[in-house]
Amino acid sequence: MESTADGDKARGEEPVAEGEASDIRRGDGEFPAPEDEHPDDGEPDEPADRDDRSGESDADSGYYSADGGRDAECDGEAARPDTPTDESSAPTTPSTAVRRSSGESSPDRGGCFSHSSDSELGCATETRDPFAAGLRKCIERQAMILTGALKDAHVDPPLDSMPLTVDAVQRQLERFLFNPDPKVPREHVELATTFMPPFMTPKAIANYHIFCGNRPIPPSCKANRSGSEVLRAAENARFFKRLPRWKQGVTVDDGLGDEVSPITELKDAKLVPLRDDTSRLEWAKMRGEHVRYFCYPSLHMPPKISRMLMEVLLQPFAQEVASGPDQEDPEPVYPTAELACIVDPEGVMQPHGLARAIEVDGHGSAGRPLYRSARAYGSVFREPSSIKKAQEVLHHTFHHGFVALIRETAKVNLSNYATFHGITYNDPLNNCMLAKLMEGSDKRDYVVDSIYLFLVLTWQTAMGMWQQAIQEETIEAYREAFTRLRRAIYALETPTEISKAIVDVLMDGDRLCAEMPKLPNFTNGSQISAFRQFIMERSNIPTTAAPFLPSDFVPLSFRQAQPLLWDQVYLLQTAFFLCNHGGYLWEPEETENPNPRDRTYCPCNLCSPHRMPQHNVPLHNELLAINTFEIRTDDGKTFKLTPELWANAYLDKFEPKDYHPFEVVHFPQHEEAFSRDLTACVTKSPEILSLIRQIQASREEFLLTRGKGVYKDPDTGEVLTPQPDLQAGAARRQALPTAYADHARGAATSAEPSRALRPTSVATAAGNRTRGCSSARYRLGPTLRRRSNSSWPREWST
């Protein structure tokens, strides 16, 4: 509440400005109330201008609608004892509020005159009305937005050449608020015009509309396979296996099995506590005894494609058949008699064998849609270019390997960027270090689950693009093609051949695979975490109480899963392979003095050996030469090796012949499998770096021996130039050199390994962005140091 100027003078205080008056209250926090309205009942005093409805949020928010707040409510209030009976009882209007802001004395809504006072704060108006300040703020905000909209007017025709109408201003205002100028960077957009509710999950736009489907959790899921052989085989996956062939007569057992040892009776629980459960699973199963169903993310074909295939290859939908009192269910596309002719065209099979063949073909027709989707995954994700792109994206997601080295060198965190439909977004709120905060089984489960969700999100994005881009003409062309090939498809012997034929027609050979290099999108860790939370919420599993992961409910083997979950099984197996192939679980050996370079090391084919300075000596030398030289040609052009130039060339560095997409071949264990020469990124010739080092060494030697002045080491303050003896009468001679060994500075080399330059904990690695592989004593640059007989560190001569 605000205090009047007279009240301030009565207490011996100076009148305050309108903006400050709202913060000045009595000792009890409010103005005194008349005795006839508020008797002394022991309750806190209420403000005089507050009615029974004053608990609304508008009373404290400082924001009101354009009509000035609650005018209708205030105008109908009864006259208070302190309300004058003169013209001051007139209600507040926008015009009176404007007059107050200009310095005129006008009555407020409550009926008290505002007293003008020429205080040293420059306050021109004082008011007791709590709504006047809010109304003024509202008008100022609306005027600011409208002014920005008019300045940003780029309508056709221009706004200044057309009549200034309400419709024209409204259109420009909507354009200014909801369609900002794309030339303005997103990080510089005015925050006052951003209306997305904080932390709200946006509705999926331009994406697959079927998100997930509820199904019973099989007892053979990954959460019930702790300590089993099938889980160990999945964790040690070394090859990207093909989709198995569908054989008739294979039995599927999705029960708990004999491989695991439960510690309680089975009862009706879907998630059984086991002896080999991790601490996370023990706690989750104890709190998740009620879980029976899970919301598995959808991995089907686009709805338009699936509907067309069902109508052409199986039978039409019932609602599309003309309805009537005697109308029967739609017939299959091939009745039993015609199907018998397709299965046995020569008529040589016995009746029993023919019936069996028809039954088998019918079962194949039922399972073909599920097997067909998995077949499509195999044809897309097993492409070498798709594997390479997926590993690059996952390195960005986990801030691993070459992405971490770029951050150390160029001070750019690429893990914060995400792409979608050709648009790049920067998310500075992303946390890319979550996977590095865990270890052991917790880290493995988290990384595998993140890769599994990444594959699901990638497939749903591709199917969403296909669903939106496909036209009715294309659907009709598909319908004609499958109608023409329907008999030949049914004549195939195995479901594997049938599914392959259908996928080949749908994908037009490798047409979809040709489009997949645009996918997957770069995905950051916050997107994966939000997707994980979304799936768990849809499954009614609070992660704060039961810390399950979506991949915990997926079986590990096709033989232990019903056909409805085969697509989930395939993606989970792919996630295990990509986890091992990308080296995301690599940990350095624990030593007393950790190597700072281990923060950015990765053993996978994308990084080692060509992108890792630990293995690539020319790359290591080039890292040390960044920002240390500048070459100027005769025509005035200059060349300088900057971090940005190096980072761009480093991202493009890739050797296809040393890349093994379908097998886990890490360089430290299989050096013989890599044959390409190790080179730098920008300076391909090592002679250039050698010449630069010689020039730099000569320059430093010249300045140290013949230059004037005293040169000190910038790190230790140690004097580098020889100092003459200043005693009187002493003969001038060269000063004794400081105790240098084969290092650039410091005492003699100790037999113990050198300690880390900086703390190497994960938190320090995230906060201190030091340049990778660039110790201060090995840096080239304007800092001058005296060197030993060996002008350069030993690392360069190896």
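The backbone N, Cα and C atoms fix where each Cβ goes, glycine too.
Swiss-Prot lists 1-14 (among others) with the feature compositional bias 'Basic and acidic residues'.
The region 'Disordered' annotation in Swiss-Prot covers 1-123 (among others).
Residues or ranges marked as compositional bias 'Acidic residues' in Swiss-Prot: 33-49.
Here Swiss-Prot flags 68-80 (among others) as compositional bias 'Basic and acidic residues'.
Here Swiss-Prot flags 86-105 (among others) as compositional bias 'Polar residues'.
Taken from Swiss-Prot, the feature region 'Binding to host EIF4G' covers 309-376.
The DSSP breakdown of the domain 'RRM' (379-497) into helical (H, G, I), extended (E, B) and coil residues amounts to 85 helix, 8 strand, 26 coil. Annotated domain 'RRM' per Swiss-Prot: 379-497, in sequence order, evidence recorded as sequence analysis.
TYR711 (phosphotyrosine) has a Cβ environment of 18 other Cβ atoms inside 10 Å. What Swiss-Prot records for TYR711 is phosphotyrosine.
According to Swiss-Prot, the feature region 'Disordered' maps to 740-798 (among others).
Residues annotated as compositional bias 'Polar residues' in Swiss-Prot: 789-798 (among others).
Reduced to three states, the DSSP call for TYR711 (phosphotyrosine) is coil. In the predicted model, the domain 'RRM' (379-497) has a mean pLDDT of 90.
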